[in-house]
Amino acid sequence: MRGEDEELVDQKKYLEERCKPQCVKSLYEYEKCVKRVENDDTGHKHCTGQYFDYWSCIDKCVSTRSQLALYRLSLSSQRRTNFLWNMHLQVASKLFKKLK
């Protein structure tokens, strides 16, 4: 639970920042292209491909990390449920023994 005064954090932005180091190569290619075409007065040259390559890399990383986080969360939830179920069984068996 969160308190009323707590602010929500955009996890996508956080994950994008965490993924940037993995996409340095495509960022470098994009920046190299930008330098190459910055003096183009015709407007025909662009770096759209490199730009999308970079963000594709980021998106793939974010997707992978998100799926991994959800998997870990589901495992954690399963463990908690199993633990509670086992505790209920242990307590129930002790109570039934006392009732006999």
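One is the number of the first residue shown, and numbering goes on along the chain from there.
A Cβ is built for glycine as well, from the same backbone N, Cα and C atoms used for every other residue.
The annotation domain 'Ubiquinol-cytochrome C reductase hinge' is assigned in TrEMBL to 10-64.
For Cys19-Cys61 (among others), the entry in TrEMBL reads disulfide bond. Taking all protein chains in view, 18 other C-beta atoms sit within 10 angstroms of the C-beta of Cys61 (disulfide bond).
The disulfide bond feature in TrEMBL is assigned to Cys33-Cys47 (among others). Mapped onto three states, the DSSP output places Cys47 (disulfide bond) in coil. Sequence-distant contacts of Cys47 (disulfide bond), defined by Cβ-Cβ distance under 8 angstroms and a gap of at least six in the same chain, are Tyr30, Cys33, Val34, Val37.
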